[in-house]
Structures are given as C-alpha cells and as structure tokens.
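**Student:** First the structure, then my questions, so here it is.
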Amino acid sequence: MHTVEVVVSLLLVAIIAVSLLSNVVVLICFLYNADIRKQVPGLFILNLTFCNLLLTVSNMPLTLGGLIYRGHPSGHGFCQIVGFLDTFLTTNSMLSMAALSIDRWVAVVFPLSYHSRIRHRDAVLALCYTWIHSLSFSVVASCLSWVGYHQIYASCTLCNTRASSVRTQFVIYTLVLHSVTFLLSLVVLCVTYLKVLKVARFHCKRIDVITMQTLVLLVDIHPSVRQRCLEEQRRRRQRATRKISTFIGTFIVCFTPYVLTRVMELFELFPISPHWGALCKCLAYSKAACDPFVYSLLRHQYRKTCRDIANRLLRTRRSLNTAARRQENGRAWKGEKEVRPREKQQQQQEEEVVKEKAEEHEEEEAGEKEARSDETTRESDSTELSNSTRETT
C-alpha cells in the first residue's frame, strides 16, 4: 500500500471508532432521559444519529476494504444496496442539519412563541419530507443503474456505469441532487445561524450595558471584580461566535471538498487522483463522527445524562462487588460453622482421653499407696511377734 493509502485507512478506522462510539452514546442518552425525548430537537437528533450509525456500519467498512484491497471488495448486488444507502443517508443527514438550524433559529428569535410555532407534529412532517426527498433521489439512481463501485472514491456510490448516451442525464441528476441537498442545506444553515448569532450578540450587548451601569454605580467595587466581569462579557461573546462557527464550519469542511470533486468530475476538466478522492470521502464520513459532539454531547443536558449513567453503572458495579463479597463471607461463615462442631468434638475427645489417663494415673497411685500400707502393717506385725518371743524367753 502507498503511504497516502495507509494514512487514509488509519484515518477511516479512527472515524469508524469515534462515530460508532459517540452515536451509540447519544442514542443511549436519548433512551435514558425522558426530557430529551419530549423536546422537539430530540427527533431531529435521533434521525441524524440513526443516519450516522447506519452509514458507519454499512458504507465505511466497505470503503476501508476498497482502500486495503484496491478494488471491489463485495458483490454487485451488495454494492448497489450500499450505494443506495450512501445517497439516502448522506442526503437525509444534510436535511436533518438544516431542520435543526431552523428549529434553533425559531427558538432564539421567537422564544415566547416557540412552543406554538414548533410542535412535535411539525417535526414529524419535516422528517417525513427529509425521508421522501432522500428516498426519491436514491430510488431514481438505483432504478437507472447509476449506483456502483467508484474506483476514485474506493466506495459504492453514484457512478455512471452505463453508456455515454445517458451521460447528460447523469450530469443533470447529480447537479440537481447537490443543489437541492448540499447547497440548500448550506444556505439554510448560514442564514439561520447568522440570524441566531445576530440575536445572541444583541442580547450580549444588553447584558453588557446593564453590567457596565452596575459597575459605574458601584464605585467602591474592587478592580479584580470589575476585571472578572469584563472578561466574562468577552467570553460570552466569543462563546456564541464559536458555537455558530462550529455548526457552519464542520458542514463546510466535511462536505464541500467531496461535492466540489463530484461536480468537477462531471465536466472532466482535469483527472482526479484516487488519493484525493478517498480523502474527500473520508472527510464526508467524518461528519458522522463530528455530529454527536456538535449537536448533542457538548450540551449541558447530555453531559448531565452521561454523568448520571456513569454514576449508575458505578453504583451497580459496587453493589455487585459488595454482594459478591457478602456471598463469599457467607460461604466462609458457613464453612466455619461446619468446622466448629468438628473442632468441638475433637476437643471433647481429647478432654475425655486426658480424663481417662488422669483416672488411670490416680488408680495406679492408689494401688501403690495400698501396697505400701500393707508392707508397713506386715513389718509392724513382725516386730510385735519378735518382741513377744523375747519377752517369753
């Protein structure tokens, strides 16, 4: 393998791992927290997460196989299914991002009437449109056999495998597809998020004016406190700009090289290197790894849910460990219970043996005393007899 292919393959492996893990975490948070499920943006995030997960497990491994084996890694039928999913999932995810931007624009610009303007029914209708839009383009490409393995991108995607007589139709189809998906989503994202940034800066200015008036009234305030307030104002303005730049910047960086390469490929202005095509495809895949952090995991509600899940898992693990320790202690205590009667029996047997030996020793001592007393009586009798004989003589 070439060095560029090795680097792109390693990059794709990292994208697959991060995308799979982060999207699964977002899905777990959605299922765990009822407040997230009740919110309207949760439906768009769920749809985006579903598209990213399906893209991660279906298209990315096949592209990795194409990079490693430098050729078609699967059959023609399976490649057509994966190519259909590639068009459908990419289009659906772009439109879901546009729907999320519209939702946030309404929430910031019309905060008091947000719940009356955006309801779950409206979100479901928007999702239905994204699915119909994505399915229509994917079905047309599959029916016209415009899906196959593309050597430049090392993946199963849009590819004019038929004769050059339908080349004009394929060019029109591709331009319309990218115009009503990528270009439309980019315009919606830029317009809505720039309006959101404008409103956020206006609110920041109002807060800054109130803060400065308060600082002017508080003449005796410490200089360090005044400096902290001014730094907080600056951080607030930078935070709003950074969020909007992240939403728009990730979309442009990830999708623009791939879309522009596909458009340039249609007009055959100059040959496209397979290394550049594979890199552009990996950048498009990287959006699936960025979306969980951009739209979900960096928000306070999702971070709190992740902490709650982690604490619950830790408590469950501790409870299982304590239960296992108690069970082991219970087994040891039962073993001690079984051992203690045996030890008592042994002690009793030893005590009985000691008692028997003591009784035998006492009996032996008593027998010796009796024998000694008999000898003394005999001696006394013999002395008496001798004395009596002497007296008689």
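From the backbone N, Cα and C atoms, a Cβ is placed for every residue, glycine too.
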**Student:** For the transmembrane segment entry in TrEMBL, name the matching range from 44-69, 278-303.
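**Tutor:** That would be 44-69, per the transmembrane segment entry in TrEMBL.
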**Student:** Under 8 angstroms, Cβ to Cβ: which one of 6-32, 44-69, 81-102, 123-150, 244-260 has the largest number of such pairs with the transmembrane segment (170-196)?
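**Tutor:** That would be 81-102.
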**Student:** Across the domain 'G-protein coupled receptors family 1 profile' (22-295), what is the average pLDDT of the model, as a whole number?
**Tutor:** 86
